[in-house]
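Enquirer: Straight out of Swiss-Prot:
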CROSSLNK  Lys1121  SUMO2 cross-link
MOD_RES   Ser2  N-acetylserine
MOD_RES   Lys1067  N6-acetyllysine
MOD_RES   Thr1125  phosphothreonine
REGION    2-768  region 'Interaction with CDT1'
REGION    13-356  region 'WD repeat beta-propeller A'
REGION    391-708  region 'WD repeat beta-propeller B'
REGION    709-1043  region 'WD repeat beta-propeller C'
REGION    771-1140  region 'Interaction with CDT1 and CUL4A'
Amino acid sequence: MSYNYVVTAQKPTAVNGCVTGHFTSAEDLNLLIAKNTRLEIYVVTAEGLRPVKEVGMYGKIAVMELFRPKGESKDLLFILTAKYNACILEYKQSGESIDIITRAHGNVQDRIGRPSETGIIGIIDPECRMIGLRLYDGLFKVIPLDRDNKELKAFNIRLEELHVIDVKFLYGCQAPTICFVYQDPQGRHVKTYEVSLREKEFNKGPWKQENVEAEASMVIAVPEPFGGAIIIGQESITYHNGDKYLAIAPPIIKQSTIVCHNRVDPNGSRYLLGDMEGRLFMLLLEKEEQMDGTVTLKDLRVELLGETSIAECLTYLDNGVVFVGSRLGDSQLVKLNVDSNEQGSYVVAMETFTNLGPIVDMCVVDLERQGQGQLVTCSGAFKEGSLRIIRNGIGIHEHASIDLPGIKGLWPLRSDPNRETDDTLVLSFVGQTRVLMLNGEEVEETELMGFVDDQQTFFCGNVAHQQLIQITSASVRLVSQEPKALVSEWKEPQGKNISVASCNSSQVVVAVGRALYYLQIHPQELRQISHTEMEHEVACLDITPLGDSNGMSPLCAIGLWTDISARIAKLPSFELLHKEMLGGEIIPRSILMTTFESSHYLLCALGDGALFYFGLNIETGLLSDRKKVTLGTQPTVLRTFRSLSTTNVFACSDRPTVIYSSNHKLVFSNVNLKEVNYMCPLNSDGYPDSLALANNSTLTIGTIDEIQKLHIRTVPLYESPRKICYQEVSQCFGVLSSRIEVQDTSGGTTALRPSASTQALSSSVSSSKLFSSSTAPHETSFGEEVEVHNLLIIDQHTFEVLHAHQFLQNEYALSLVSCKLGKDPNTYFIVGTAMVYPEEAEPKQGRIVVFQYSDGKLQTVAEKEVKGAVYSMVEFNGKLLASINSTVRLYEWTTEKELRTECNHYNNIMALYLKTKGDFILVGDLMRSVLLLAYKPMEGNFEEIARDFNPNWMSAVEILDDDNFLGAENAFNLFVCQKDSAATTDEERQHLQEVGLFHLGEFVNVFCHGSLVMQNLGETSTPTQGSVLFGTVNGMIGLVTSLSESWYNLLLDMQNRLNKVIKSVGKIEHSFWRSFHTERKTEPATGFIDGDLIESFLDISRPKMQEVVANLQYDDGSGMKREATADDLIKVVEELTRIH
């Protein structure tokens, strides 16, 4: 068996739907947003959108509508999922707790029926008498809205019109009436029917209109006084109500297709329309009052307001503010202005909501060589196309920065005895010291009486008896706070320079070469208590008081040169309590005693970025549990700071890290800064609970995030990215992208807008010897859209487009790899293409082009003609493996720099995906699931090892390990196949067994090995192996990792218990939601643990936790089973949350 854990690292971000109404209360205006399986509820306030609650549905939200039945004080929410679970939800708030109550629920799936091509449509009668659903061709399903019905019961009415494009309920009709656009062999027509609840059938409707525009696609029901319906087409907009017919064909709407609409005014006089190019229009209905006082429609008018993100849905909120929900780009809150700006636009973006979808491709890279992966995704499409750089870490929010190079240390001070907060920052430089006064948010340089400024400071701070201390290379200086004056000074008896110092509020230890001196701080006096000689020179010191020692430390931690040791000595006698040899050549640079979660530790950082940490017994001074991690590559400086009343340690280096403890394990979290040399906590009036951070050139003051989270940076391309790969030698990314151009009158094409490929620093164009341009069987006509494909070379630091290489006309770039081939020392970008013509069912020719990028130039090294589309390529043992239409082919790279075919494998329908491990090749097919090949180097050919005989339409594949293979298919499921090497017969061995099945509810475009968290840092007892990330169409990033059998069984038990305790919204069974489901079959999930459900354990109340753990058997690592406590499970789950 194969045991896996699937969890969300980034929830879906693409918006599939949005509605507005009064859901949380009659007074609140709410915006409800559907992001695939997640429902987000906001209140619209004067300040913007305020999040109220986020609900995870056990299903993909297909329909979401607010309605208010008679007798209700606020709106109810109707939701239908893709697996046909329907529910009516109500918002209930009591005190702090918010509940979403399921008023009624049921499944409305038919056992037979062909799901409609135009998807699921759900509509609600304006009088709230019924809900109408168009799920299958030829059927209209009705759910009567009875007040007290807990179960949603539905019945079907036969529809003669099989191919319905869109349907709506009309306003102001005695009986519920539907109006719909349908297609038949003659064209498209509009028809209406009355729905009779009693007879459960249709009656003849009030009007119909035959032969409307051939592209008519949307019905908008218009409220009274007008009534009737508006039909939106590709070129025309028409209004019908039986006795009135109005048509307009504004040229402005022809360029693109209108895809969404929303009513602005309750009386239906204005509508917003959004098209596929991201343009926003206003449709105005002009009225005319008749003699008898009735109102009729006089005219329709369309105005272009401006440009937004490409809208999937629109909803008008209030005061000219519109929410634009987007699937292809970031969603927006926009303001509609009365007057246009210089560009002629009436639209201004107020706020942007990040969307990673659709993630078409991605790669994991460690750009800063920080041992932590960053994910770079190809996100968005058309003008919304972008690269997104995603990394996990603790964010620092910068509030001020000052250019100050060469800082060697910094300390906060309270210069005034009556202050609670810091008002001064002391900065140390080589040979000098500077003092900054903090006045509110203002920072100015000043001088402190009693301080010296012509020496480097080693320590500075507030100490006992309302005094300040400054330790410089020459002396230890004690200064009274009021008035500021030097009251005591200690110098080394021979006047030698101090090399290292440590100080707390009442004690000082300084090192002069090998000698150590211990001083105590008294009123107006520094008193030398003792001194000693060490065997070697002292490299670092610490006397941080631990435990309840009243601010006095009985211990001194010392790091020495030469023998590379860490020692614990007793104060005041300097008696050696423990000596720890650290080994190696690199000296300790920073040593620190600290307490995390009431356990004491000694941390010791070396000059190469390594960190040792030990348990410390403060009674005996003994060290235990030695562990080592690597935090960077440069000397590391350790400083403590407090955040959320817990102690944290900040490790300053080229890879700044925050160290804290969780469940008595140390956790190391990346900080999202390039490098930090020194830091100190700062709590001033203008900068409360902040940190001051110094690097080589700058001093920064900022606040720190409480938790790790994903940080996303956007690099807009304004065109569609398709594939990405990273090339370390040239420090570049290769990106395949495509832009849309339009055929102009001269026969050439022009770009619609400036984008990455048209604005690169340099560019080149393919000229192929292989294809003469006249072979194109297809002539484009004026106004036709053409895709132009490019290879972009993008700098890994600045993300600037350094070069754009344009491919041939009609040539689509499909695959990309960066690799070395054979014995050739060069690294190449290799692109696989296809010549795409509309009249060909599948491409008949393509190319493999080998590029080299060096010294800012892109050169074509070789090209190879192939008879088909190069869907996928990977480097394979120094050769190039490619899938071309149905063939898997291996090329070797000759000394003449040409690709030569070595062997082929033909047994596929369409080989779309390739992954390799050792000599094994996993092939993902369009419809024939996955196949495992082995390359036989001696014979120089492929051998078919095994295949999955289930017909899965693949969207991505990955190799988990030698025997387990992960697949994603087009019905939103994941599965794992296993190679059965131990099988007795050949026939069994040739079957890949499906051992894992799981319904993800997301369309996976890409899998890749890698992780978003620091690897192998600190102790981890997470029983997981490997980490495969995946990116989906909705912008979700997920992770699949493998479990041992015992852990799988524990988590499975926990999952089943959680399902009894956690009530799902809409009363949908978790087992139903996660069951593997295609048009062919439905099977229960197996071999996968739902990590999102397991992690929800941390969010439930303590009594509910107790309910989950009751009688749960747990092995705590001792080999013995015992009953688990809630805290045991909290530990387990917190460990699991750390993998993403």
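Just so you know, glycine gets a Cβ as well, placed from its N, Cα and C.
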Enquirer: Output the one of Lys1067, Lys1121 that, of all these recorded positions, has the highest number of other Cβ atoms within 10 Å of its Cβ.
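Expert: Per the Cβ count within 10 Å, the most buried is Lys1067.
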Enquirer: Ten-angstrom check, please: count other Cβ atoms within 10 Å of the Cβ of the residue listed as 'N-acetylserine', all chains counted.
Expert: 23
Enquirer: If you skip the near sequence neighbours and keep only those at least six away, which residues in the chain come within under 8 angstroms of Thr1125 (phosphothreonine), Cβ to Cβ?
Expert: Val1109
Enquirer: Limited to the region 'WD repeat beta-propeller A' (13-356), I'd like the whole-number average of pLDDT.
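Expert: Per the prediction, mean pLDDT sits at 94 for the region 'WD repeat beta-propeller A' (13-356).
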Enquirer: If you measure the residue listed as 'SUMO2 cross-link' to Ser2 (N-acetylserine) at Cα, how many Å is it?
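Expert: Between the Cα atoms of the residue listed as 'SUMO2 cross-link' and Ser2 (N-acetylserine), the distance comes to 24 Å.
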Enquirer: At the Cα level, what's the spacing in Å between Ser2 (N-acetylserine) and Lys1067 (N6-acetyllysine), rounded?
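Expert: Ser2 (N-acetylserine) to Lys1067 (N6-acetyllysine), Cα-Cα distance: 30 Å.
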